[in-house]
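*Asks:* Here it is, the structure, as structure tokens.
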Amino acid sequence: MNALTIKRRVVIPMRAGKVMAEFVSFDGDDSGKEHIAIYCEGKSPEKAPVPLVRLHSECLTGDVFGSGRCDCGEQLDEAIDLINEQGGYILYLRQEGRGIGLYAKLEAYALQDQGYDTYQANEMLMLPDDGRDFSVAAEMLKALDLTEIRLLTNNPDKASQLINNGILVKELVPTSVHVNKHNRQYLETKAKRKHHTIIFDTMNK
Ligand SMILES: Nc1nc2c(ncn2[C@@H]2O[C@H](COP(=O)(O)OP(=O)(O)OP(=O)(O)O)[C@@H](O)[C@H]2O)c(=O)[nH]1
Ligand SMILES: [Zn+2]
């Protein structure tokens, strides 16, 4: 993965002006994917000397349309709340469907409707069960001068990929789990097959 440099910083008032965020674009990524960093200064930045960072993989269905098949939309809202409070960054990574793209994710959903789990469905399509390479996130962090972070995630692979790419993850901050009858099996499968730290006894049915 090439080193990246900052291309542009632009302020965007989010949530009807209640959350002021800076959107940052980058030069140097040959993949052509338009990954974005979203920065909030935080209302009490002195309380969190090591910045909070969320790596969020794009999920059009969840992030934009509030799909109940996953919990991406709720997790994104939570991350915005936290960085607005504590200060920090969301790296919004254009890795729809864990890297397989939106159309393929819809194919995978159709297979899940026939009984396959979230990883088997990808494999049935001859696609990686999780094709995400987070080295680009490490390069985005370096371009932002962030080499020590607190990482908001339940996914151990995000932390290990960042560490392997030169980022010091000083703390793992768990993200909430938002369960419903449509996404329970998806969440359970992530915990079982990919060791996500998901605590089910706090989840509603
Ligand atoms: N292929 C596939 N992708 C899915 C499915 N459900 C959700 N996704 C994608 O999974 C990704 C979820 O990303 P994140 O929330 O950043 O990551 P995570 O691995 O769940 O880890 P956390 O940091 O703990 O939330 C998004 O790109 C979604 O589009 C599915 O059933 N199949
Ligand atoms: Zn989702």
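Numbers here mean position along the shown chain, with the first residue as 1.
Including glycine, each Cβ sits where the backbone N, Cα and C put it.
From TrEMBL, for reference:
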type	residues	note
DOMAIN	11-174	domain 'GTP cyclohydrolase II'
BINDING	ARG54, LEU55, HIS56, SER57, GLU58, GLN75, GLU96, GLY97, ARG98, THR118, THR153, LYS158	GTP binding site
BINDING	CYS59, CYS70, CYS72	Zn(2+) binding site
ACT_SITE	ASP130	active site, proton acceptor
ACT_SITE	ARG132	active site, nucleophile
*Asks:* For the recorded Zn(2+) site formed by CYS59, CYS70, CYS72, which further same-chain residues have Cβ atoms within 8 Å of the site's Cβ center?
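*Replies:* So the additional residues around the site are SER57, THR61, GLY62, ASP63, SER67, ARG69, ASP71, GLY73, GLN75.
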*Asks:* I'm trying to understand the geometry here, so how far is the Cα atom of CYS70 (Zn(2+) binding site) from the Cα atom of GLU58 (GTP binding site), in Å to the nearest whole number?
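*Replies:* About 12 Å separates the two Cα atoms.
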*Asks:* Non-local Cβ contacts of GLU96 (GTP binding site) (under 8 Å, 6 or more apart, same chain)?
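*Replies:* Counting only residues 6 or more apart in sequence, the Cβ neighbours of GLU96 (GTP binding site) under 8 Å are SER57, GLU58, CYS59, LEU60, LEU102, LYS105.
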*Asks:* List the same-chain residues at least 6 positions away in sequence whose Cβ sits under 8 Å from the Cβ of ARG132 (active site, nucleophile), in sequence order, or say none.
*Replies:* SER57, LEU93, GLN95, ARG98, GLY99, ASP157
*Asks:* Between ARG54 (GTP binding site) and ASP130 (active site, proton acceptor), what C-alpha distance do you get in Å?
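*Replies:* Their Cα atoms are separated by 18 Å.
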*Asks:* For a quick check of packing: other C-beta atoms within 10 Å of the C-beta of CYS59 (Zn(2+) binding site), how many?
*Replies:* 23
*Asks:* Restricting to the recorded positions HIS56, ASP130, THR153, which ones have a CA within 10 Å of the CA of CYS72 (Zn(2+) binding site)?
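*Replies:* The recorded positions passing the 10 Å Cα test are HIS56.
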*Asks:* With the cut-off set at 10 Å between Cβ atoms, which of these recorded positions ends up with the most neighbours? Options: GLU58, ASP130.
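*Replies:* In terms of Cβ crowding, the pick is GLU58.
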